[in-house]
Amino acid sequence: MRLIPLIFLVLIVNSVLCNLVSRDFQRINSELLKLNRINAILEWESATRPSANVSIFKKEFYRMRQTWREGWCDFLRRSQGLRRERMIYILCRGPMYSTQQAGLLSLMADDLLLSYQSKLVCDSTGDCSRGEPELRRLMTTSRDEPVLRWAWSSWRDGFRSVKSMFLQFVALGNDGARRNGYEDLGETWREEIGIPNVKVMMDKLWSDVKQLYHFLHAVMRYRLQEVYPKVDPLSPIPAHLLGDLWSQNWGALVDLLQPDNSMILNITDSLRNKNYSVLDMVKRSEDFYVSLGFPRLPQEFWKNSVFTRGDGDGNCHGSAINMYKKGDVRILGCFEVNEEDFRVIHHEMGHIYYYLAYEGQDAVSRAGVNSAFHESIGEAILLGVMTPQHLQRLGLAGDPILNSNLVILLKEAMIKLPLIASALVIEKWRFRAFEGNLEASELNALWWELHSEIMGISPVHPRPDNIFFDPPAKFHVIANVPYMRYFFASFLQFQIFDSMCQSAVTGNINNINFSMPLHKCDIYGSKEATKNLR
């Protein structure tokens, strides 16, 4: 009988502790939401109107935020019997920097990104271009080999000036990772994906599509040799000839593989012939999502988003921004009326609607399942946008396209497969760089060895480490954005769209009798398609 009072005492103490813990989590979420809002405002200012003052504010804010995070994580880890382990894990995972490191990293990140955003390439006439969107557009539209060679080389030349800072940035990132029990920064990135043996999984998925990529590469090299006779049929393809500043999207060259222009889906010409504006493309994107059961975008989106280039050195890389305030979501980009930006806008809209979907969650939980799934949403829905039926609906495709199965699939392969290969190259290089077993004098050599080995492409001319440092010429490298999310999203998007297609056609998923070519699955107007997603 003496146990009964003891049991009641334990229950009372447990109840009190649970209430205290609950109040602690409420406080954490309230404070974190405010911190996220301030962070979003500073990042927006830095992206649209970069300045020394903004960088200083960011530095002090990141120092303060790191102190806040480390303090709470120390408290939570010392507390016994706490529930909500998932929330603690999300809040406290990843690098844990000292306040000094946090401030220094903030300044270095701004300096590195500004070197990308402000870089100008000038030709012999004094006409100057930025990487995005001007040089990107030139690489997509020109077939003039000397011009392509100049643009490709000029964009990369000069990034060696940031090599020392980049390596210092990596070293600080590794220090922060090790302070929290990781081997290096790469391990923190792989943990975020949430699957075991990420490196092994990437190699396995690549092996599943590698042969198809090699077939595409062989045909592309053969056709390029017809246009550029100096292309060696037994050597890697020169990187500047592949229709993209980073050689990871070959879609602009589909006419080389399909000479019958009447069968080619030329979205860029169609958009311009229909007098589309950038704003029209954004509105068409919203319309597609609304037709699937998503809400119309809040007024704040239209008021605050930036769709075209302004003055100054703002960030032109297409991005979706969550401001952590109800209804305040934004797209940032320097878009033009062309197919690539038409696709990018629909992709970024996937992030926007994901932000809106979880804006009612606790601050700690306002994130995607993982970054790869976040990237997959817009890409999956884009597969529905690019069906010939929907493009006809928009007046962007003619009747011949309805029967152009081979050309449609070929173009998607030219867009998707090189991206998979490129993502693998980028992350293999960064994992090696993070591991710290490479000399600084080996980094550029490894970059191009991986491009040759995996992608079968080569630089325009030799790129020795003592002169060049090419990885920062890619936005995600210099901005320290993990790229494996795009690798995994390249596979996930088809699984998601397959389920959406089944739901649209049959009302459920995992229907063993379902059979429909995904590139012909028109889901526009089907709220069934996204019922499991919403």
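Here the Cβ of each residue, glycine as well, is placed from N, Cα and C on the backbone.
TrEMBL entries are annotated by machine, without manual review.
Positions annotated as signal peptide by TrEMBL: 1-18. The disulfide bond annotation in TrEMBL covers Cys316-Cys334, Cys501-Cys521. Marked as Zn(2+) 1 binding site by TrEMBL: His347, His351, Glu375. Per TrEMBL, the feature Zn(2+) 2 binding site maps to His347, His351, Glu375. Residues or ranges marked as active site, proton acceptor 2 by TrEMBL: Glu348. Taken from TrEMBL, the feature active site, proton acceptor 1 covers Glu348. For His476, the entry in TrEMBL reads active site, proton donor 2. TrEMBL lists His476 with the feature active site, proton donor 1. Residues or ranges marked as chloride binding site in TrEMBL: Arg485.
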Output field, Zn(2+) 1 shell: CB within 8 Å of site CB centroid, site His347, His351, Glu375 dropped: Ala320, Glu348, Gly350, His374, Ser376, Ile377, Gly378, Glu379, Ala489
Residues satisfying Cβ distance under 8 Å from Glu375 (Zn(2+) 1 binding site), sequence separation of at least 6: His347, Gly350, Arg485, Tyr486, Ala489
Among His351, His476, Arg485, the most crowded of the recorded positions [Cβ within 10 Å]: Arg485
Those disulfide-bonded residues listed as Cys316, Cys334, and which of them has the most Cβ atoms within 10 Å of its own Cβ: Cys316
Euclidean distance between Cα atoms of His351 (Zn(2+) 1 binding site) and Cys501 (disulfide bond), Å: 20
Cβ neighbours within the same chain of Cys521 (disulfide bond) - under 8 Å, at least six residues apart: Gly384, Thr387, Phe497, Cys501, Ala504, Val505
Cα proximity to His476 (active site, proton donor 2), best match among recorded positions Cys316, Cys334, Glu348, His351: Cys316
Glu348 (active site, proton acceptor 2) and Cys316 (disulfide bond), Cα-Cα, nearest whole angstrom: 13
Number of Cβ atoms other than its own within 10 Å, given for Glu348 (active site, proton acceptor 2): 22
Three-state secondary structure, which DSSP defines for Cys334 (disulfide bond): coil
Listed recorded positions (His347, Cys501), ranked by Cβ neighbours within 10 Å, top entry: Cys501
His351 (Zn(2+) 1 binding site) and Cys334 (disulfide bond), Cα-Cα, nearest whole angstrom: 18
